[in-house]
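Have a look at the structure below, then the notes.
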Amino acid sequence: MKKNYLQHINNPDDLKNLNVDQLKDLAQELREFIIDVVSVKKGHLGSSLGVIELTIALHYVFDTPRDLLVWDVGHQAYPHKILTGRRELFHTNRQLNGISGFPSRKESKYDAFGVGHASTSISAALGMAIASRLSGDDNKQHIAVIGDASIAGGMAFEGLNHAGVAKSNILIVLNDNEMGIDPNVGALKQYLTSVKSDQKMQKNIFEALNFSYNGPIDGHDLPTLIKTLKDLKQQKGPKFLHVITKKGKGLKQAEQNQVTYHAPGKFDKQTGDLLEFEDLSEPPKFQDVFGKTLVELAKKNEKIIGITAAMPTGTSIKYMLEEIPDRAFDVGIAEQHAVTMAAGLATEGYIPFCAIYSTFLQRAYDQIIHDIALQNLPVIFCLDRAGLVGDDGPTHHGVFDMAFLRLIPNMVISAPMNEIELRNIMFTAQEQLSHPIAIRYPRGKGFYKDWQKPFSIIEIGKGRMIRDGKDMAVLSIGTIGETVCTVLDDLKSNSIAHFDMRFVKPLDKKLLNYISGKFAKILIIEEGVLQGGFGSAILEYYQEQGLTQLKIKRLGIPDEFIEQGSVSELLALLGLDFKGIKKEIKDFLND
Ligand SMILES: Cc1ncc(C[n+]2csc(CCOP(=O)(O)OP(=O)(O)O)c2C)c(N)n1
Ligand SMILES: CC(=O)[C@@H](O)[C@H](O)COP(=O)(O)O
Ligand SMILES: [Mg+2]
């Protein structure tokens, strides 16, 4: 008879009523439940399937939420969410008004720390451990669960270095599956492999850093996990547990094709077969236009280098890694290193295309200012996932870049309106640039099937008029300009002009002067934060010109963190979709 333990687990205390054999059955149920829901609702699959036994064991042995459990990145926390009171909400995972795809402090007391970006867990858990020690609570455990790719991030190393001497109760669980989203890279990965194969190593790196090292153990073996964690629970000070797991465990396709099944979209839960395919009759993704254009350019220009920080598939740098492996680098989850390495390459006359998701570039802010801009090094930043990204939510939306880059001297900031413009600005940047440049483009599908047109130069700092008008000007930056075009086509009004400004910096002052001379009303639209972004730049310019009589309205992302939802839902909520923009344009025109 099929048992059903899972439906009785409403919090980790309920686990404690089960024996180890029952926990094994529970693991199977949990696996089926996650596969059931994610196959329909989508989300991160492989990493969660890999930590089911580990999650059960952690909640079984430790006294969460009193013992504090921090998940690194948090994309693997589905079993944790389900066991900590969110089973019945799990079908809303990553959806508008649903539960977050990542641990979130506001969602549950079991989510000790909000995550989404990698390599934070050790620092956060150490902070908690020090706080407990200072408060005289010496019996509490503070646990960071971190993957083998995330532990290579700089911050994780900084945390390890401190934790080894901080005299606090911290347990670092390394979940080693030899994978990031793509296969893990780097010397540390090679080292971890050698630790696994030579368990008699005299003293490993973690012991050398003052941790009591335990493992490696099989992360799918519940009895061993429970016994080991029980022993560790009794120990004070810094502890390290090396756990070996398989990403995608329990679903054949997910085990075999770990990159695709990191977040596979909809799939058949029985067979594991994918149900969503790229529609080849549709325009390609921006990422593919970027990746293929980069190869095209790099074949002609041998100075071009491609760089990704652990996102070769996501950014499509994979095409260059496949075709020109000598000049393409995956540096792992190391955005800061990627940026300064690009700076070094640029000093020697190379032309680095550094492709980093907008949200992850936040990690490398000082490197952009100190290592790149201050020395005016012509590094080409390709800011993927700029704008709203959808289901990943506030940790991942790429909405700050225009604002945080704009204040840096020497930076050129461009936002192509479509993929043809993207190709041309990539071409321009490698041909003739003497400054660092950021090129921002969104996640997903472009607009044109015939994007592979001959290259043409885009004049840096020059915008363009898309349509002329009499009474009002709409100024857009980036792909939202395509929505403006559709709205204006629909309105069929000859009153409204549209300008694709192309650059946030330098601003096209000549064009702005023309616009202010001709139009009394100016509507500025951007898919980025209103505070300090593109619209702010224009406001500042007109204010400096003393043009206070202009009627200016701005549309963009308000001063709040935007939750998760599909991109179209979020754009609609923010009034940045076709309907919202049309209404604003009409209202402003008639105002
Ligand atoms: C700073 C940062 N860079 C990149 C990412 C994108 N990212 C999310 S998960 C992941 C791989 C994580 O690998 P690992 O830590 O080994 O966990 P696994 O998925 O193997 O369980 C990456 C690169 C991120 N979340 N944060
Ligand atoms: C957890 C994480 O940071 C990544 O898996 C991210 O969700 C990838 O986003 P894309 O799906 O846009 O590549
Ligand atoms: Mg991993």
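Any Cβ shown, glycine's included, is placed from N, Cα and C.
What you see is a predicted model, and the numbers here were worked out from it, not measured in a lab.
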Among HIS75, HIS80, HIS91, HIS370, which is the one TrEMBL gives for the thiamine diphosphate site where GLY116, HIS117, ALA118, ALA149, SER150, ASN177, GLU335 also bind?
HIS75
Select, from HIS75, ALA118, ALA149, SER150, ASN177, each of the binding-site residues with a Cβ positioned under 6 A from at least one atom of ligand 2; if none does, say none.
HIS75
Running a distance check here. Ligand 3 versus the binding-site residues HIS75, GLY116, ASP148, ALA149, GLU335: which have CB less than 6 Å from one of its atoms?
ASP148, ALA149
Cα separation, ASP148 (Mg(2+) binding site) to HIS117 (thiamine diphosphate binding site) (Å, whole number):
14
A 10 Å Cβ contact count, applied to the binding-site residues HIS75, HIS117: which residue has the minimum?
HIS117
Least Cβ-crowded entry, counting other Cβ within 10 Å, from the binding-site residues listed as SER150, ASN177:
ASN177
